[in-house]
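K.L.:
The transmembrane segment annotation in TrEMBL covers A:24-45, A:90-107, A:119-139, A:178-199, A:211-237, A:269-294, A:306-325, A:337-356.
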Amino acid sequence: MVETATRTPAATPANPGTLSRRWLLVWLAGTTAALLATVVVTVAIGPAGLTPSDVAQVVATRVGLGDLLGLAAPDTLADGIVWQLRMPRVLTAAAVGAGLGVCGVVMQSLTRNPLADPYLLGLSSGASFGAACVLVLGLTAVLPVAAFVGSTAALVATLALASASGRGAGGLSPARTVLAGLAVSQLAAAATSFVIFWSAKGDQYREILSWLLGSVAGATWTSVAVAGGAVLVIGTLLASTGSVLDAFTFGDTSAAALGVPVARVRWGLLLAVALLTGALVSQSGAIGFVGLILPHAVRQLVGARHRALLPLSMLCGATFLVWADTLARTVFAPRELPVGIVTAAIGAPVFAVLLWKGRARS
Amino acid sequence: MTQTSERSAPARTAQAHPAAGQDGTSTAGLAAERVRWSVGGRLILDDVDVTAPPGAVTGLLGPNGTGKSTLLRLVAGVQAPNGGRVALSTAAGDEDLLAMPRRRRARTLAFVEQDAATELPVTVLDAVLLGRTPHRSLLAGPTEEDHAIARAALDRVGALPLAAREVTTLSGGERQRVHMARALAQAPRVLLLDEPTNHLDVAAQLATMRLVRGLATEGVTVLAALHDLSLAAATCDHAVVLATGPAGHVVAAGPVDEVLVPEVIDPVYGVRTTVLRHPRTGRPVLTFDER
Ligand SMILES: Nc1ncnc2c1ncn2[C@@H]1O[C@H](COP(=O)(O)OP(=O)(O)OP(=O)(O)O)[C@@H](O)[C@H]1O
Ligand SMILES: [Mg+2]
């Protein structure tokens, strides 16, 4: 051991401070470019035979750059497909994917559970229950509110159950939190089934079922506004909490010893997650696995530092869900799958691998 | 109870510890007064008084379950006591540590828990950088200076070669040093250690205690929960012994030579203690047999 803190360390590799900051910028630029390219390419994919340049032409004209760039007016069919059908759908998928990605990171960090995500902790089921209730009553207008109330109630129930059943010195026990989430999830699912069984009629079945499975097929510009707005405001707020979440690395006690107001941060952030989940579920239904596997994949690539993990999980989540939705509407064309089935088909095996790797490590 | 000892003279070396000059103050003593804590109707700590004189190493001793970790958590302000106060005494006067704003408290006092673990794939350097959290805005990332301080802290505990490793892959002893480095990076004036020699081999134990003594020489006040009484006798200036019966309370406190005697140890631990003298250092060496 060396006696003074001032002695120069024996080996000084390139300062990781600047290195990691530069790498973060490279990653951010790369994933942003990938997302933009994804949007343009996937909007073109489909039976109408459009090209990415058709898409660019429509978008440029719509946002008022057509004259400036000297573009010809796009034909009305292309305009209709791109601007009225596919663009809202792709953008909604992107917003939902981004939101689920960032929610997953925050939940995993606050519960210190690598398996936590809005779906696993009952938030999505709670939101679906809220949505199903108002759909059955025909009150579509208050759907986002009902979804938020449902997700918050589920969150409170999960955390209350987890902390009532025992509190370790490090705060909420990860295993208990997931078990509590599963219980709440099952309860909300049963309640939703009951509501459907008891009162749904005619088309409501389909509508509610698409909620339960998760789908962005009916997305409109209103969906973009709700999901995108929520992601821009709440998602960006959550994405800026990197240093705070880092402080939770070694648990609540250690976060508190680093000067973090643990209780206030935990409840504030979880409430923000519930709010965002509610907004997303109100537009897309409960899409599973995105908030779970995206943060894991990104962590493998860039490490566990939240300042990188949060924004990159948002960007990658957006790209992932857009491609998943594109698969959902093209694989069995002209029939469509709810995107939740696609994310589950991809996510479940990945989840199994993660469990396996976790088992091998412990 | 005597507050001074020939070994606690705060002979501070210049520029030695990053804490020097932090918040524009020098050494600070710690005093917990009539602290009590109960959980589920059970009194765990009953009016405990613990004093850690400035720039000295104070050992917190006592059998398992007497409330050492609990007391450290209360003093660190990460858990609220049911009564009593914790004061930081400086040349400028006394200050209520528990009423201090969290972030300023975290710049004043660092706490190494008994078993802090993570499942996240964080690197050792990132884990140590966490110690800089209270020194910068919560929205900002670590600066160049933070990196330099974190590396110096790692170097000081002899863990610099581990900087790029993931914490989850470390051995228990390596992890213990990383936690110590994190506390050093916090540049505290008061350091609370919960069994800092846990998981360490003999050489590493001695190195850790030498580090602790070095910090005390630089003016850092150390309060450490320890189980190895001979190690405590060799390292600490002062000692506080806790016992239960039924709630945790102080049975003895003062200079280590006066506290670590059979009259105190035997009833508390239920053993028979023999105090020998180390032939070279002259420090007490304690051996035990069953009664
Ligand atoms: N949250 C809690 N709930 C219930 N009991 C608790 C809690 N925290 C501490 N205790 C009890 O308080 C007593 C003191 O615990 P503490 O961890 O402070 O002991 P300790 O002196 O550090 O022991 P050790 O030497 O084994 O580390 C123990 O009996 C413990 O069971
Ligand atoms: Mg303990």
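In case you wondered, yes, glycine gets a Cβ from its N, Cα and C as well.
What does the local environment look like for each feature on the list?
P.N.:
Here the transmembrane segment (A:178-199) has long-range neighbours at 113, 115-116, 119-122, 124-126, 128-129, 132-133, 136, 150, 154, 157-159, 161-162, 165, 205, 208, 212, meaning same-chain residues at least 6 beyond its ends whose C-beta is under 8 angstroms from one of its own.
For the transmembrane segment (A:211-237), the list of distant contacts is 88-89, 91-93, 95-96, 98-99, 102, 128, 131-132, 135, 144, 192, 272, 275-276, 279-288, 314, 325, 328-329, 336, 338-341, 343: same-chain residues at least six beyond its ends, Cβ to Cβ under 8 Å.
Within the same chain, residues 92-93, 95-97, 99-104, 106-107, 110, 115-120, 123-125, 127-128, 130-131, 143-144, 146-152, 154-155, 159, 210-216, 219, 223, 226-227, 229-231, 234-235, 237-238, 241, 244, 313, 316-317, 320-321, 324, 338-340, 343-344, 346-348, 350-351, 354 sit at least 6 positions outside the transmembrane segment (A:269-294) and bring their C-beta atoms closer than 8 Å to a C-beta of that stretch.
Long-range contacts of the transmembrane segment (A:306-325) within the same chain, counting only residues at least 6 positions beyond its ends with a Cβ under 8 Å from a Cβ of the stretch, are 20, 24, 27-28, 31-32, 34-35, 38-39, 42, 89-90, 93-102, 104-106, 109, 216, 231, 235, 238-243, 245-246, 287, 290-291, 294-295, 297-299, 339, 342-343, 346.
Same-chain residues lying 6 or more positions outside the transmembrane segment (A:337-356) and placing a CB less than 8 Å from one of its CB atoms are 93, 114-115, 210, 213-217, 284-290, 292-293, 296-297, 321, 324-325, 327-329, 331.
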K.L.:
If we skip the immediate neighbours and take only residues 6+ beyond the ends of the transmembrane segment (A:24-45), which ones have a Cβ under 8 Å from one of its Cβ atoms?
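P.N.:
For the transmembrane segment (A:24-45), the sequence-distant neighbours (Cβ-Cβ under 8 Å, at least 6 residues beyond its ends) are 51-52, 54-56, 59, 82, 86-87, 90-91, 94, 301-302, 307-308, 311-312, 315-316, 318-319, 322-323, 325-326, 330.
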